[in-house]
Each structure stands twice: as structure tokens, then as C-alpha cells.
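Asks: Next up is a structure, given as C-alpha cells.
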Amino acid sequence: MGEKALPVVYKRYICSFADCGASYNKNWKLRAHLCKHTGEKPFPCKEEGCDKGFTSLHHLTRHSITHTGEKNFKCDSDKCDLTFTTKANMKKHFNRFHNLQLCVYVCHFEGCDKAFKKHNQLKVHQFTHTQQLPYKCPHEGCDKSFSVPSCLKRHEKVHAGYPCKKDDSCLFVGKTWTLYLKHVKECHQEPVMCDECKRTFKHKDYLRNHKKTHKKERTVYCCPRDGCERSYTTEFNLQSHMQSFHEEQRPFACEHAECGKSFAMKKSLERHSVVHDPEKRKLKEKCPRPKRSLASRLSGCAPPKSKEKSAAKATEKTGSVVKNKPSGTETKGSLVIEK
């Protein structure tokens, strides 16, 4: 009787970190793996200006080619002259374009011997013979066709639209994804609250600007025109003030027929447009709030609740912001106010 063959023992290198069962057949692979736990990258790139590091020499060598631009791996196909930076990239290319064993979908048109790995690739190719795109829209009355399924799927949304899923009672259907996102932002965004005064705002940007009014020290932008003492919390509001009050520019005109009104700010035009749209007027929730002038809105300084009515009236009469004069020193068109 012949001797029994001894079983082949494969040495495994096991990760010693708790809750990690990774194991490898080579020691260098384990060392590279351990770097994921420790965060070490012992193989830094020595190219000037490149601060990348790698867990193994193999990865560093592969990266170094990006600096030299060398392409030492030629395609295995005799009919192809393409070269690649890595062997892996060359193999991917070969399997995709030259490995006929993987191409099971053959074109049956006379004189064409092309084959493809995927059925949809064959259908796209057949367009060159039939001049008919393979993926037709199933919607009744629509005769559009597309070359790939993804384009058809995107087109079908034109018919189905984008129904709102934020609220079961909301019947909105957006014709485009952009209109859907705009609807969600305007109608379903949860309001954000100021921690100090409990005032709520529709958008985080509004809250961020509002919080500046609570700071002990804040930068305000003063109007540089002689005789004008107005100041604003943002540079944009200062520019809007100068355009509307000093230069009398109102670039946002209402496009509704027989309405010649124009506004200095886009938001003012949007608020005004509701007047011409009965549907929007029905949907718009009415919440009691004091009337404020453009100057008051731009300044970012809201009068106390008890004095809101008198302040609003004074603003309308005088055309100026009702506020206490700030103390501070002017620096480059701005003031640092201490409360």
C-alpha cells in the first residue's frame, strides 16, 4: 500500500484586532490591512507637491504611474494597439471589447458578425441597421423612442410627474424634478426657531441672518451717501437700499398685464405676484403681522412688540428707520455695535 499523501496546510495571517475576522494568505496583505485599524500609511509618495500615502508598496507603485504617465501594458488583442497604466485596466478593457466568450448576444443581420455581452447593448447596436430606437414610450399618444432604458425611464416622468410624498393630503404633482424640489422647499420645510427669542423662520438662511441681531458685537454696513445715516446687517441689503432709495433702481418689474409696478428686491415682487393669482391667494395662510416698510426689512432691526404699530407709522411718514443711534467707530463702511 502506498503512503497517504499529507494534507496541504495553507498558512493564514489573521487580524488580531477584536471583532475583526479578516485573514490573508500573505503577510504583506495582513500588514496593509492593519493600517486600516491604525490609520498608518507607511508608504508616502515622494513626488514633489504630492502628500498622498499608501498602506502597501504595491499601491504606491500603482499611484506613481499617475505622475510619470507611463503605459506599459498593451492590450492582449492582436488587433488593438491601446496601452494602459495598469494590468488590471488592460484586463477590464480586453474583457469588455475583445473577449468573445463573454459575448453571447450576436447580431443576426446579414453581413454583421458583432456580438455583445448584454442584451441592451445588442438592441442599441441594431439601431444602426433599422434606424429605429429600441425603447419606445408606452404612454398612449406618445411616439418617442430612446436608445437606452434610463432615458426612457426619465422621459416617463414627464407623463407621470413627480407626486409629493411629504404629506398624504398634498396633491401637488411636479412636471419636473426641479419644480418638485421647489415645492418641497416652499411648502414642506419645517420651520426653524431662534433659541433666544423663539421666533420661527422658513429657512435656515433667514434664521442665520436674524441671529446677528442678538450678538453683543456685530458688524453693520453704513450707507456711504452724505446725509444718510442708515445701516444694515448685510452688504446685500445695503446695496438694495442704495439702488432703491438713492439711485431709484427697481429692476424687478411685474409682468402681469396692465400692472406697471416694479420693485427693488425679488422677494418683494414674489410677494406682490400673489395679488394677480387667485389660487395662490386661497392657499396662502394669513397670519397677522405688523406692516413694515422696505427700509425696516432691509435694516434687520425689528421694533419692540409694544411699539410696532407706532414704529411702522413713523416709518411710513418719515421714510426712515426708527431705531436708536448706535455707538461705535466706522471701519471701511461698517460699524461694530456693542449692545
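Quick reminder: no glycine exception, Cβ is built from N, Cα and C everywhere.
Pasting the relevant annotations from Swiss-Prot:
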COMPBIAS  275-288  compositional bias 'Basic and acidic residues'
COMPBIAS  305-316  compositional bias 'Basic and acidic residues'
REGION    275-339  region 'Disordered'
ZN_FING   13-37  zinc finger
ZN_FING   43-67  zinc finger
ZN_FING   73-98  zinc finger
ZN_FING   105-129  zinc finger
ZN_FING   135-159  zinc finger
ZN_FING   162-188  zinc finger
ZN_FING   192-214  zinc finger
ZN_FING   221-246  zinc finger
ZN_FING   252-276  zinc finger
Asks: Which value does the mean pLDDT take for the zinc finger (105-129) in this predicted structure?
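Replies: That region's mean pLDDT is 80.
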Asks: Summarise the zinc finger (252-276) by DSSP state, stating how many residues are helix, strand and coil.
Replies: 11 helix, 4 strand, 10 coil
Asks: Using DSSP, how many residues in the zinc finger (221-246) fall into helix, strand and coil?
Replies: 12 helix, 4 strand, 10 coil
